[in-house]
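Annotated in TrEMBL:
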BINDING   B:C327, B:D329, B:H587, B:C602  Zn(2+) binding site
REGION    B:885-923  region 'Disordered'
Amino acid sequence: MTGHVIDSATAAGGARAPANRGEAHRDLGRELKIRSTVAIAGEFLPFVWPMRNFINHNPLHGLEDRPFDEAVEQATRLFHAQGYLRRTEYQALLQEGHIDIEVIEQLIDEFLTDGALGGPWPDDDADLDLKRILVTLMTLMDQPTLGGNAIPSTDALLAELRPTTE
Amino acid sequence: MKRLDKRSIGTQLTLYDLVDQLFGTRIGETLDELLVKGCMDFLDEGQSVWRMPGRRQGLFRAWSQIARRNRRLRLHGLDVGQILERADRPETAIDLVMQRLQIPEALWMDYFTVELAKLHGWAGFIRWRSQAKGYYWQERNPADLVDFIAIRLVLSWPLIEEAQRRFGRDFRYPAWVACLERNPDECLLRHELHSGAILPDYAHRVEVAVARGDTSRIKTLRLEYEREKTRREAASCAVRLQELCERAGIARKDLARLRSSTLRRLIETVYGFRSREGYVWTQALERTYIRRLLAALAASPIRARSRAPGSDAAATVPASKIQALFCIDVRSERLRRQLEGLGHYETYGVAGFFGVPVNFIEFGKGHEAALCPAIMTPQHVALEMPHRHEDHQESLFQVATEVVHDLKSTPLAPYVTVEAVGLLYGFDMVGKTLAPTTYSRWRRRLEADRQPTRLLIDKITRDEALDLVTHLQDEMVVRAVDRHFGLKREAITTEMIQELREIALRRIPTTPSLLARRFDIGLAAEEVFLTSLRYEYRINPDQARIQLEQLARIGFHLDHQTQMVRNTLKAIGLTSGFARLILVVGHGSTSQNNPYESALDCGACGGDHGAVNARLFAAMANRRDVRERLAEQGIAIPDSTWFLPALHDTTTDEVVLFDLDQLPPGRLTQLTRVEEDLVAAGRLCACERCAELGDTDVDSPEAAAKRVKRHALDWTQVRPEWGLSKNASFIVGSRALTQAIDLAGRAFMHSYDHRQDENGDLLAGILSGPLIVAQWINTNYYFSTVDNEVFGSGSKIYHNVVGRFGVMTGNLSDLRTGLPAQTVLRGQRPYHLPMRLVTVIEAPLSFVDAVLAKVHKVRELVHNGWVRLLVLDPSRGSAFLFEQGAWRPQPNPDGDRHRLGSVPAHRPDVRPPPTPALLEVTP
C-alpha cells in the first residue's frame, strides 16, 4: 500500500464506444451480467413500501432459507445490528413472570448435552456444576461492559485465573 | 483484539471502510449524505416545491446530469464529471469504477451486497419500487438498484482518490490485500487507534509510531501493546468469571483448586455459550408461552363442547343468536371475547379481506388500491358509486352513465369524468401534477359532499362496456369543443358530436366535419383540434381498447362470487347452523398526524381499512342467486339469514355498521340491540386498552371509552394504540378451543374445522396466506423490538416525512423501515415480547404433516424455525411441537387455570379483575 498514488487518468478500465457490432454485443452481455449481479446481490434487501400502505414484513426475509439463529447471526453482521435483546432486558422479563426459570434450566440442560461444545463432559468434571453456572450467568449477571465483551483466548484467561485463584 | 482479515475486504468491508477504520476518515458518512440527498430529490412524490429535472430518464441519468455541475459535490472536493463523461449508462459506470478500484470480479456480488446494506432503507424502497406493478412514480421516474449502486460507486471513487492523495497511499483492492498481508502490525495498531478501542495510555505512542512508519518500531510496539491489552482483557474477564462462580456457589478458593483441564472447560463453556445466549432467551420466552397455552387449553371447560360438522344443521338456532366474522388480527381477540361474554354471540376468525381480493376504486379517486394481503395480486376491480339512483337502475352501465352526466360541471373536465367511472387509472396523479390547487379544491368539495355509496360487484356485458366507452368519448368531445371553440353543448348537435368521435377514432374520413362547416373552422384549426381529441382527450383506438380491457376487469362473475363466499365459510367451518344475523367485521384505526397510521390498519387488506372487503363479502353472501348456488354445493343459508358488514376501529374499539339501507325491514328492531351490545363490548375493551396504555385514572368503562377516543383524535398522541404489540401466537382451530381463555390480545385466531377439510386444501390455504401475513407481522415486531434503531424506525419524535412516501430521522438519514419505538417500546424497555410466532393447529398430526408437505414456503419457515409449529392432535389427545427437525410430544399440562389467570369475560357492572390476563404475565 505504500508509496503509490495512482493517477486516475491512467487507471485501467473505462467505457469505450463499441467499434463494431461484435463489440456492441459484448458490451450488452457485460451490462446484463452486471445487472444480474446487482439483482442477486440485492436479494437480501427487505422491501420498503410507501408509508401510505405500510406493510409489516420480515426485515430478514431474504435470509429465510436458512435457520433462524444462523440468519440472525448473519444479519447482525450485515446490518451491524442486534438480533436479540440485551441480557438485562430478558432478566427483567424473567422477573416480571414472562419466562419460567424451569424453562431456562431445561434449555441449559439441552445446551450442555446437545454436543454444541463437544458433547457431555466426562465424569471427572462432575464436581463442576456447569448448568448452575450458566443459569447464574443468564439470570444474575449484568451485561458485560464494552471492554468486558472482548473474549480473550482460553490460555490468556487461564493464566489470569490461576494466579488469582491460588 | 480484532485483527483485520484480508478475506473481509469486499465481503464485509468496502475499500473506503478500510480507509475510514485505519486512517480515521469519514468517507462512508459523506457518501451516505450525498446519496440520500440524491435519492430525496429524485424519488420525491410531490412534497418538494422544486422538482429535480430530467427524472423521466431514470435515476442514474437524471442524477449524473446534475452531478456534473453540482456545487454541493464541488464543496466536497469531488469531481465526478470525469467518470460521468465516460459512462452514460449505470452499468458502464459500475464497470468503470470497479475496474479502477481493481476489485476482482469474483468479489463484485459480495461488494455490492455490502454497499446496499449501508442504506438498506433507501435501497429497499428502490428495490420494492422497481418491481411494483403499476406504481405510478416508478413508471414516471424509473429507478432501480443498478442506478443506486452506480451513483454510490461513482461518488466513492473521487473520495477514495482524494484520500490516496492526502495520505500518499494506494487504496485500491490489491494494495489493501498486500497491506494486510505484509503490514499486519501497522494495520492492527491503526485499527485500534481509529476504532476507539485503544488503551488510552498507549494512544499517543501508537499515533506517533504509525505516523513515522518505521516497520521495526511498529512491530515492537504491536507486540507490547497486544500483550498488554490481552492481559488487561483477560484480567477483566477473570474477575467476572470469579464473580459468576461465586454467585453460582463456587468460592474463589474452590475455583482455585480445580484442575487446569476443568477450568479450561469452564472457560470454554461460558464463552462458547455467549453466542447462543440470546437464542436461548428467545426460546425460553416461547417455551414458557407454549407451556402456559397448553395448560390453559387443557383446562378449558368448553373444549369438550366442540361440535361435529353438520350437527347444528338440524338443531334450531335461537333467534337471538348472532354470529360475527372477525379478522384474525390479534386486536380482534379482545372484542370477540367481550362480545361472546354477553352471551348470545358466536364469533369466527378469518383473514380480514374475507377471501375477496380486490382492487378497489374509491368514488372520486382514479387509482386502484389492492385490498388483500401483500402476497396476492388481485385480478378484479370493484367500484364505489354514489347511492342515489332508483332501485331499478342496477347495472354499472346505468349508474356510471348517471355519474358522467353529474360531473359535467367539474373544473378538470377531461380528467374528473374519467376518474369518476374509474376508466383511466392513475389519473388521480395526473390531477395532482397538472393542477394541484384546483384538484385539491375539487377533492375537498367531493369529500364534503360525500354521499352514501354502494359497491358494484357484477360484471358488465361487452355491449354495455362499448356503450359506456362511447358515451364517455362523446362527453370528452363536448368538453373539447367547449374548451377549443367556446361552443356550449346547446350550440352543437348530437350528430356533430358523434361524427367528431368517429373521425377521431379514424372510422370515417377526416374533414371537413359538420362542426367545421357549421362554424367556419379552417382546415388547420380542425386538424389541431382532432389531434387534441386523439392525444389530449385520448379518443383513439388504443385508448378505447385499454378502456375496454379495464372495464372487463370490473366485477366478479356469479360463480366466482359463489366460490369466494363458499371458500370463506368452509375455511372457518361455518357451513350450517347459520344465525339470523351474521356480522362481517373488518377493522381499521383512527389516529391523527401519524405517518404510520396504515401500520395500524388491516394487514390482510394491504394496510387499508377492512370495511370494503366486509361490504363486498356481505353483499355477495346476501344475494339470492349466490345462495342458490351455495345450496347446490351443500351450504344452505336460510332466507332469514342476513350478513351485515361492519368496521371495528381498533383505536377506539367502536364498531360502525354499514349498508343498513339494504337491511330487510324486519331486522331493524334487532339492530338497536346489536348496536348496544357492540358499544358495551367496546367499552370493556377500552378498559383493557387503558390499562395497557398506562391510563390508571380511568374508573369506569364509559370513562375508558372517552379516553381512548381522545387518544385517537389527539394529533400530539404518539401512541394512539399498541397496534399488534405482544403478538405471540396464531391459533388455527375451533373457537371452542380457546373460548374460555383470555388470550390478552396476543393471538391471531383463524377458525378452522379439519373435519370439513378432507384433502387439506383449506388448511393449505390458511397456512400459505394468513399465516404468512401473520409471520411477516410477527417478525417485523420482533426485529423492530430487538434493534429499533436498525430494524425499527426509531422515535417518532424525530421523524420527518420525506417525499410523501417515507420517513427519515432528522433532516437526513437512511429511510426508516420497520416500526417506531412508540409501537414496541415503553420508554427504553421493550413492550413487545420478541418471540417467534407460536402457530397452533387443531388437527391430526399426520394430516398436518401431509398438508405441510404441499406448501413449500411454510414448510421452509417451520423447518428453519421462523415459526414454532404446535399441533393439537384431537385423535390422540396430545400436543406435538416441531423442534430441531422433529415432532416432539409435549407433556400433558396439569391445567392450573388459576395460576394462569383465566378469567371470565368482563361484565359491564364489574371492573376488570386484577388477575393478570392469561399468557400475559404471572408475577
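Cβ coordinates come from backbone N, Cα and C, glycine included.
Automatic prediction, not curation, is the source of TrEMBL annotations.
Contacts of B:C602 (Zn(2+) binding site) defined by a Cβ separation under 8 A and a same-chain sequence distance of 6+ are given as B:C327, B:D329, B:G352, B:F353, B:G586, B:H587, B:G588, B:D608, B:H609, B:G610, in order along the sequence. According to DSSP, B:H587 (Zn(2+) binding site) is assigned to a strand segment.
Secondary structure from DSSP puts B:D329 (Zn(2+) binding site) in coil. The Cβ centroid of B:C327, B:D329, B:H587, B:C602 marks the Zn(2+) site; residues of that chain outside this set whose Cβ lies within 8 Å of it are B:F326, B:I328, B:R331, B:S332, B:G352, B:G586, B:G588, B:D601, B:G603, B:A604, B:C605, B:G610, B:H648, B:T650, given in sequence order.
B:D329 (Zn(2+) binding site) is surrounded by 28 other CB atoms, counting those within 10 A of its CB over all protein chains shown. With a 10 A radius on its CB, B:C327 (Zn(2+) binding site) counts 29 other CB atoms from all the protein chains. The local packing around B:H587 (Zn(2+) binding site), expressed as other Cβ atoms within 10 Å of its Cβ over all shown chains, amounts to 26.
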